[in-house]
Every structure is written in C-alpha cells, then in structure tokens.
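*Asks:* Please find one structure pasted underneath; my questions will follow.
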Amino acid sequence: MSDNIRLTQFSHGAGUGCKISPKVLGTILQSELDKFVDPKLLVGNETADDAAVYDIGNGLAIISTTDFFMPIVDDPFDFGRIAATNALSDIFAMGGKPLMAIAILGFPIDKLPAEVAQKIIEGGRFACQQAGIVLAGGHSIHSMEPIFGLAVTGMAAIEHIKRNASATAGCELFLTKPLGIGILTTAEKRGLLTLPHQHLVRDLMCQLNTIGTLLAPLPEMTAMTDITGFGLLGHLSEICQASNVRAEINSHAVKVIDGVEEYVEQGMIPGGTQRNFESYANLVSPLSDRQKAILCDQQTSGGLLIAVEPQAVEKIQQIAQQIGSMLFHIGKLFDRAPDKALIEVN
C-alpha cells in the first residue's frame, strides 16, 4: 500500500522550504524579557549559527541542534534518511562529531498507514548508522502533515568550533555541494521530475557533510555553515554580518546540479526563493532572474560554505580529494566598504 503513496502530496511545504523566512524569524525571536546569561554557553542564537555550543570543561564542548521538516520526496525511507542527514549537518557545520540523536515525528495516523511512519524512522536510523551514531529514542505526535527530523548531540574541542562570527577578510569561499535542490524538489512535488534527476537529487541530499569534522582542526578554517533553507546568499549574509566582512561571489563559478537550468526555464521555482530574496535584497548587489533563482534557492541537506585563509586552500583541497568530497571555489571575503554591498554578485 505504501508503495503507491506520494508523501509530498500530504504537505504544503517541502524540506527546508518549510522554514520561516529570515525577516519574519527575526521578529519572532525578539524578546522583552531580561536575557539570562550563562558564561558556559559559548554559542547561542545571536549570530545565527547552526547549533548551540556549551562548555563542559577540559577544553571540550557539547553541540546541540534540532532540525525537522515535511516531506521533500515521495518515498518514506528516503524522506527519513534525508531529514536525518540534514539534521546531522548542523553538527558537522560547527566542526563537531555527532554522538547520538533522538527522533521527532509528527504523523497523520488517520490519513496514512503506520508502516509509512515505520519506513520514515528506518530511513532516519540508516542515516544515523552511516554517521556512526545511534538513534536513541524520540517523541511522536498526531499531526495534520508528516513531519520528521532529529535532535542531535555532538562534541568538539572548543578550539575547533567554527562560528559565523569568526570569518576574516582575505578568506577564500568554497562550497561542497552544487545548488538547485529546491528547484528539483519543487519539480518532484509537481510530478515533473524525471527519474534520473530524482535519483541525482536524492543521492546529493543523502550525502553526509562529514568533511566539516575533518576540516575543523585547521586553524586557517575561520568559519563554516551549511546551506539550507535561506539559500546561499542568506547563509553567506549571516557570516558577513556576524564577522563584519563583505563577500564577492562569482556566480559563474557556483556549481549547479545537472539539469537544474531546464527546470528553471519551466518555472520550477519554489515560493521560498522570493521570500528569501525579500529578506536580504537590501544586502546584495542587483541580481539577474537566473542568479536569484539559483543563489536564493532553498537547499535541503545542502553542502557546507567554508571560509579559509589562502595558505590553507591546498590543504582543504587535499582533504576533500581524499574522502571524495566535492569542493567549488566561489568567491572571497573582504573588509567592509561603505560603497559596496554586503555581498557583490558578479
């Protein structure tokens, strides 16, 4: 029975496209309460980092994050695997190593059979096993739409933690996955994505960002984040604002997934692309329609955005090659300039 079910038809959003826009989220997070300060909380939500980081002594820190969303693909196992991979990415993006995870499941038990939920959980468990950790438990509720994700605990040496606020002018910018996930998954939700492209985007979303843990010990690695629902420009703007730098991006060097261009021409643009653009358009130089479609595209389980000092570029390229990870040079960071946009796109 579950083989004929299209999960994407049971949700109004898809993957990280479910995220609230950066502009609206800023309003939600405002508070009139006095802020409780814990000196052991090394990273909170002030700099839009990927996870919280807490000092536990002896030079070590616990990394804590959660991420969940509605179906981005139709297959339950693949949905669970992608959602789990996406949640684990926050730990890797901070430079940490995951320790364990617990599942978060919302499920319309009156609309879908329990075996579908079982396959979703199984996909999540598989991704955790690939990352070398256990899915230790979780919590489930009856919901109107399927929702799945993880709360993940990780660990890292404090000196290896990569913050959005630690990037420096002169750093080169690299991406570890091509863009276009939001475009292809929008085509899938509309029933227009070819089978080869379904497999291509699924495999990309299921790739763990373990390279983050391997790169973290390099002192020349100044900042790192994963590209998810706010698109490349949104997550890059978070680094630029937190670190008081500006960026120049070569849009022709930004790799896109094979086939994305044809789906852009067909109008397979997620609604979140425009919401993203409106949230940070004032920070970015003017964009062409194509640049907006690609650079503001909502990624689910996207790659890492890496800022690295020039003298270590060869090192990170060697590490990427050793583990078979993609690595694309897309731009550079500079000192702020009053006559320049926060992000210049060429």
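Cβ from N, Cα, C; glycine included.
Sharing the record's features from Swiss-Prot:
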- UNK16: active site (ACT_SITE)
- LYS19, THR47, ALA48, ASP49, ASP67, ASP90, GLY138, HIS139, SER140: ATP binding site (BINDING)
- LYS19: site 'Important for catalytic activity' (SITE)
- ASP50, ASP90, ASP226: Mg(2+) binding site (BINDING)
*Asks:* How long is the line from the C-alpha of ASP67 (ATP binding site) to the C-alpha of ASP226 (Mg(2+) binding site), rounded to the nearest angstrom?
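*Replies:* ASP67 (ATP binding site) to ASP226 (Mg(2+) binding site), Cα-Cα distance: 13 Å.
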*Asks:* Measure from the Cα of ASP226 (Mg(2+) binding site) to the Cα of every one of the binding-site residues ALA48, GLY138, SER140, then give the nearest.
*Replies:* ALA48
*Asks:* What is the interatomic distance between the Cα atoms of SER140 (ATP binding site) and ASP90 (Mg(2+) binding site), given in whole Å?
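*Replies:* The Cα atom of SER140 (ATP binding site) is 22 Å away from the Cα atom of ASP90 (Mg(2+) binding site).
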*Asks:* Specify all same-chain residues, apart from the site residues ASP50, ASP90, ASP226, whose Cβ lies within 8 angstroms of the center of the Cβ atoms of the Mg(2+) site, ordered by sequence.
*Replies:* ASP49, ALA51, THR65, ASP67, SER89, ILE91, PHE92, ALA93, MET94, THR225, THR228
*Asks:* I need the most crowded of these binding-site residues: ALA48, ASP50, GLY138, SER140. Count other C-beta atoms within 10 angstroms of each C-beta and give me the top one.
*Replies:* ASP50
*Asks:* Can you check which residues sit near ASP90 (Mg(2+) binding site), meaning Cβ under 8 Å from its Cβ, same chain, 6 or more apart in sequence, and list them in order?
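*Replies:* Non-local contacts for ASP90 (Mg(2+) binding site): ASP50, ALA51, ILE63, THR65, ASP67, VAL152, ASP226.
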*Asks:* 10 Å Cβ neighbour count around ASP67 (ATP binding site)?
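*Replies:* Here the count is 26.
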*Asks:* Tell me whether GLY138 (ATP binding site) sits in a helix, a strand or coil according to DSSP.
*Replies:* strand
